[in-house]
Each structure stands twice: as C-alpha cells, then as structure tokens.
Amino acid sequence: MAINLLPPQLANQIAAGEVVERPASVVKELLENSLDAGATTIDIDIDKGGAKLIRIRDNGCGINKDDLKLALARHATSKIASLDDLEAIMSMGFRGEALASISSVSRLMLTSRTQAQEEAWQAYAEGREMSVTVKPAAHPIGSTVEVLDLFYNTPARRKFLRTEKTEFGHIDEVVRRIALSRFDVTINLTHNGKRVRQYRAAKEDQHYSRRLMAICGNNFVNQSMQLLWEHGELAIKGWIEHPLSSVQTSDIQYCYVNGRMMRDRLINHAIRQAYEGYLQGEQQPSYVLYLTVDPHQVDVNVHPAKHEVRFHESRLVHDFIYQGVLSVLRQATQDALPLSDDEDNPQSVSFPENRQVAGENLYSKPYQKPITSNEYETKIEKSHSLERVNRGDKSTSTKHGAYSGQKPQFGESYQRTQGLLYQKMVQEMAETSENKEKIPLFPEREPLNLDKVGHTTHYYDRQQNKDEKPVSVMARSVNVAQEHSDYTFGRVLAIYQQKYALLETSQGLGLLALEEADFLLRCAQLLPVNETLKPQPLLVPLKLTLSKEEINICNQFQALMSDFGIVIEISHGKALVHAVSLPLRQQNLPVLLTALLAYLSTQTSCTKQNMGQWLAKQLRTESTRWSQAQAVALLADIERVCPQYVRQPSKNLLQLIELQPVVAALHNERS
C-alpha cells in the first residue's frame with residue numbers, strides 16, 4: 001500500500017484521540033487557555049455531563065480578529081516561537097493542538113474581543129469541515145469557547161462515554177484541581193443550568209484556607225501542617241496531613257509543578273516514603289503541595305495530556321521532597337510524643353534518620369552529577385522491591401498504601417462532592433396537566449407596606465390588632481385542598497441580592513428567603529419517617545480510627561444514628577461504617593461522621609429533631625449565590641415534599657410587598 005499524507009481533518013481527529021479523552025479533557029484544555037490569557041474570572045457551563053455543551057467564558061486578553069482563524073489551526077500558538085522557549089515553558093499550553101483537535105470532533109464556536117477592538121468576532125468550525133467562518137458578534141473583553149455535541153462525528157468514541165453523573169464527576173475534579181492551583185482566580189461551575197461550584201478569588205494568604213476548606217474539607221484544613229522548604233532553585237510549599245490525624249482522607253492528593261497539576265510517580269514515591277513510618281496498615285497520606293523548579297530543569301513535553309513531567313535532576317528533586325516532608329513530620333510527632341506514656345502505642349515508634357530505601361542524603365555531602373530520570377525511576381522500582389524482601393513479605397504483590405507505580409485517576413475524590421442535595425434525593429415531580437391551575441394558598445395575608453419597612457410586623461401579628469376576626473389560614477387551606485391538590489408559591493420573577501426570590505402571587509409580589517427555604521427542605525428530608533433515610537449499603541465499608549471517647553459516644557447514640565440510616569459496627573477500636581442514608585452518600589463521610597461524634601459528645605441526650613437540624617446545617621449548599629433556575633427547583637421540591645410551608649409560610653420564609661403606594665406615587669399629576 002502506498003504511503004499517503006493524511007488529510008488535515010483526519011490528522012486532527014487522530015490527535016484528538018490523545019488530547020480529548022473525555023469531556024473533562026476539553027474542560028482542562030480550555031481552562032488552561034483562559035489562565036494563559038490572564039483571566040481573573042472564569043465561568044464554566046456544562047450540559048448533559050459535557051456531551052451536549054461545554055462553555056468556558058473568561059475575561060482574559062482576548063484574541064484579535066486576524067488570529068481567530070489561525071487559533072483553530074493545528075500547531076498554531078502564541079506561547080512559544082523557538083526551541084529555547086520549548087526548553088523553558090511556564091505557560092499551561094504550548095503545542096497549539098487543543099482547539100484544532102477539539103473542533104475536529106465537535107461543533108466549536110470561539111467568540112473573542114481584545115481591548116483594542118471596538119467589536120467582537122466569532123469563529124465557527126465543525127468537525128468534517130475544516131474551513132473556519134468568522135463573523136461579527138457581541139461580547140465583552142475576553143473569550144468564550146462553546147463546544148457542542150462532543151464526538152458527534154465519531155460514534156465509536158461517543159459510545160464509550162460514561163453516564164452523565166460520572167462524566168460531570170470528572171469535570172468537577174478537574175475544576176477542583178485548577179481551583180487549587182490558582183487561588184487568585186474566581187471560578188464558577190454550572191451543570192444543567194444549576195450552580196454547583198463557586199470558588200471566589202483569594203488574593204491574600206489568610207484567605208487561602210477558605211478555598212482549601214471548600215475543596216478538601218474542614219477535617220483536612222484543621223489537621224494539616226504547613227510546609228515550606230527551599231534549597232537553591234528548588235522550593236516546595238503547601239499542606240500535608242498530620243500523621244496522628246484521627247480521620248484519614250487519602251483521596252486528597254494534589255501536587256503541582258510550576259503551577260501545573262501533575263500525577264508524577266517520582267513525587268508520589270518521595271511523599272509516601274517520608275510518611276512510611278508514620279501511617280499504619282492501609283492508610284494513605286493526604287497533601288496539597290506546590291513544587292517550584294527552574295523551568296530549564298524540567299521537561300513538560302513528555303505526555304500527550306501534560307499529566308507527567310521529566311526532571312533533569314530527578315534524584316535531587318526526589319531527595320529534596322523527601323527531606324522537606326520528613327522534617328515537618330518529625331517536628332509534629334516530636335511535639336506530640338511526650339503526651340503519650342503508652343509504649344505499645346504504634347504512634348510512639350522512633351524513626352530512622354534516613355532509611356536505605358530513600359537513598360543517601362544529598363544535603364550532607366558534596367553535590368554529585370545526578371543520574372538520568374529513566375535510570376532513577378528504574379532504581380525506585382528496584383529499591384521498593386528490595387524493601388519488601390527485607391521486611392520479610394512473602395507475597396510479591398504490591399500492598400495498598402505502598403508505591404505501586406500506578407497513576408491515580410481523576411475523579412477519585414468525587415464521592416466528596418457536595419451539590420444541591422435536594423436535587424439528588426427526591427424523585428422527579430409527577431407530571432401535571434398544563435391547563436391545571438395552581439392556586440397560591442396565602443391569599444389572606446396583608447401585603448407589606450414599603451413605607452413602613454423599618455417597622456415591619458408579621459401578618460399574623462398585625463391581624464390580631466384588627467377589629468375584623470382574622471381568617472384562619474389553615475382552615476382555608478383545608479377547604480382549598482379539597483378542590484386542588486397542588487400548592488404553589490407562585491412564579492419566580494427574579495433573584496434579589498442572590499439570596500432572595502421575587503415571587504408573583506395572586507395577591508401581588510412576595511420576597512422569599514432562599515437560604516431559609518433550603519434549610520426547611522433539608523430538615524423535612526432528614527426526618528426518620530422519610531423513605532430516603534433507609535440505610536443504603538456502601539460498596540466498600542468505610543474504616544474509621546476512633547478514640548476511646550468517640551467509641552463510647554458511638555455506642556451511646558448508635559440507635560439514634562441508625563434511625564438516620566447510619567449503620568456502624570465497632571470492633572477492636574475501629575469503626576466500620578456499613579451503610580448510610582441516601583442524603584449522606586454524596587458527602588465526605590469521614591469528615592461528616594467525625595463532626596457528628598464531636599457534636600453528640602456535647603449532648604447529654606439528643607432528640608431526632610435536634611440531630612436532623614444539625615445534619616441539615618452540615619449539608620447546607622456551599623454556594624450562597626442563588627440563580628433563578630436553582631430557586632425554581634428549590635420551590636418545586638418544597639411544594640412537593642413539605643407543602644405545609646406553602647400553606648402557612650413563616651415570617652422568616654416569606655413576606656408580601658405592597659406596591660400600591662409606589663404605583664400611586666408614579667401616577668401623581670404634576671402640581
């Protein structure tokens with residue numbers, strides 16, 4: 001068969017096989033482009049797990065009209081221009097393959113405007129057609145990339161996509177990793193029109209913990225130690241988990257090299273070796289670390305998706321990370337050891353100065369020429385095998401907790417994801433006829449007069465001061481319920497201050513507190529009589545290491561926890577969680593259960609109502625900025641799950657607004 005030059009479209013689709021693995025890969029490439037453009041705010045809109053739509057909007061520098069067509073061409077980039085640039089890369093992207101590869105397997109629209117341009121321009125490219133169409137558009141300074149119908153022209157690739165929830169889980173994990181790499185950038189993530197994540201920019205160090213807590217959880221932030229270690233042109237900083245932490249969160253393992261998220265075997269090996277004497281059994285270290293290296297000493301052009309790097313002085317980097325992590329661990333355990341008199345305590349063991357498997361300490365002898373990265377990675381494998389033999393392991397299989405050489409996968413921490421809980425644990429509303437009228441059931445309420453806003457009293461209080469006998473709202477609701485089975489707040493017109501919903505009712509306008517509504521819904525869903533609180537067995541039981549006090553608390557309130565679907569077995573000082581209820585399955589269970597035991601330890605007796613309210617507060621939505629779509633979904637769930645709040649809403653939930661004085665003032669004739 002003759003050798004032929006592949007058509008550009010086919011070549012791009014082949015390249016897409018390496019770059020565009022799944023929707024999360026598209027999000028990663030586009031986010032990195034936005035960061036390279038200097039964006040400080042990035043909005044991510046996802047539909048159907050990314051298979052239908054991926055939209056990335058930023059306020060970066062934008063792209064000139066003359067460069068729009070070239071931006072969608074293969075090997076076209078503004079990041080590098082010579083071999084010297086390639087050997088010292090600091091930008092996230094540099095190959096110029098991402099947009100061309102993505103456009104070859106989707107319908108792509110790129111809209112952009114620079115500060116020098118008076119109008120924006122939009123470029124459109126479709127998979128089978130390599131030609132790019134450019135036309136005027138309306139857009140602020142920055143860029144928007146829309147990727148529609150991913151893999152629509154490659155059915156073989158599309159059928160390998162997982163469920164919508166799984167694909168969005170991978171996208172969410174990519175966004176979390178990007179958010180941890182750039183604290184100075186605001187990132188908003190929306191799925192199917194509902195705000196899921198909102199990471200606000202933190203420009204000062206004291207505000208970093210807010211984002212770290214939102215991504216890694218309270219337990220990691222409270223029990224982590226800060227690391228700062230420098231040597232020459234090497235520097236590493238970040239947070240590592242305390243070795244004596246009562247709860248292990250092994251799914252928190254984030255590492256960055258010069259701001260680029262990595263899954264490097266050498267770095268993971270160095271960290272695991274530093275922790276080796278401090279963790280027991282199957283425990284894994286948790287960390288968020290940032291490594292800074294001279295860009296001339298690291299090669300990032302070794303992996304199609306840039307997930308791995310190659311260090312020119314890999315032995316130096318490995319020993320540097322090992323010594324830095326180990327120094328912090330030693331200091332932490334030395335401070336904690338005098339508090340324990342138990343010689344049998346496994347946490348009271350002594351640790352050698354520098355184990356043979358870690359190699360010689362490069363900081364105690366003159367510098368020697370380092371071996372190559374390939375040679376050292378081979379030695380890592382051999383040294384780890386030798387270590388298992390020296391320990392007397394009969395099996396040659398790699399244990400969980402030891403270095404296995406396997407690459408961690410994106411999405412492994414998605415079980416900690418916190419979304420809008422009520423959207424996940426309540427079934428879809430029953431279909432109702434379009435012409436069936438929904439009647440708001442608070443017609444007797446006196447509207448709130450805007451002129452007396454400073455002296456507002458609730459309707460039920462004001463009615464008692466009238467000569468006329470007040471109408472019983474509950475009695476009226478019973479009568480109306482005989483004719484109509486549907487209760488509704490009305491129509492959502494707008495969102496005010498991102499936490500109130502402006503409603504249109506039959507009696508006028510009303511203002512509803514969305515946070516209060518969200519809390520009431522969660523309380524209703526967390527009643528033990530609710531079907532969603534039945535125990536749901538975990539695929540793999542969760543192991544927790546508890547103190548004696550925590551074990552006693554667990555035994556004391558075991559019956560109460562079982563009412564909420566939490567099934568815990570205590571054995572040999574360990575807690576084995578076999579099942580939890582549906583509302584808790586998507587939470588960070590180690591963090592939640594530890595906090596629950598801490599709460600119960602302060603209670604001499606705890607009722608089901610108190611525990612339900614406490615859980616409702618813990619499951620509160622992260623985002624405090626509500627969208628209109630979120631408000632509509634929330635009110636629909638309340639109308640279905642707890643209609644008593646619709647029939648008789650409290651004063652903290654809903655207030656009516658009197659607009660007649662305002663309208664009258666607008667129509668006053670000129671004097």
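Residue numbering: from 1, along the chain as shown.
From the backbone N, Cα and C atoms, a Cβ is placed for every residue, glycine too.
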Handout entry: Of the residue ranges 338-359, 448-469, the one that TrEMBL records as region 'Disordered'
Key = 338-359
Fill in the blank from the handout: Rounded mean pLDDT within the domain 'MutL C-terminal dimerisation' (492-627) lands at 80
Practice task
Provide the three-state DSSP residue tally for the domain 'MutL C-terminal dimerisation' (492-627): helix first, then strand, then coil.
Solution key: 57 helix, 39 strand, 40 coil
Fill in the blank from the handout: Per DSSP, the domain 'DNA mismatch repair protein S5' (212-330) contains 41 helix, 34 strand, 44 coil
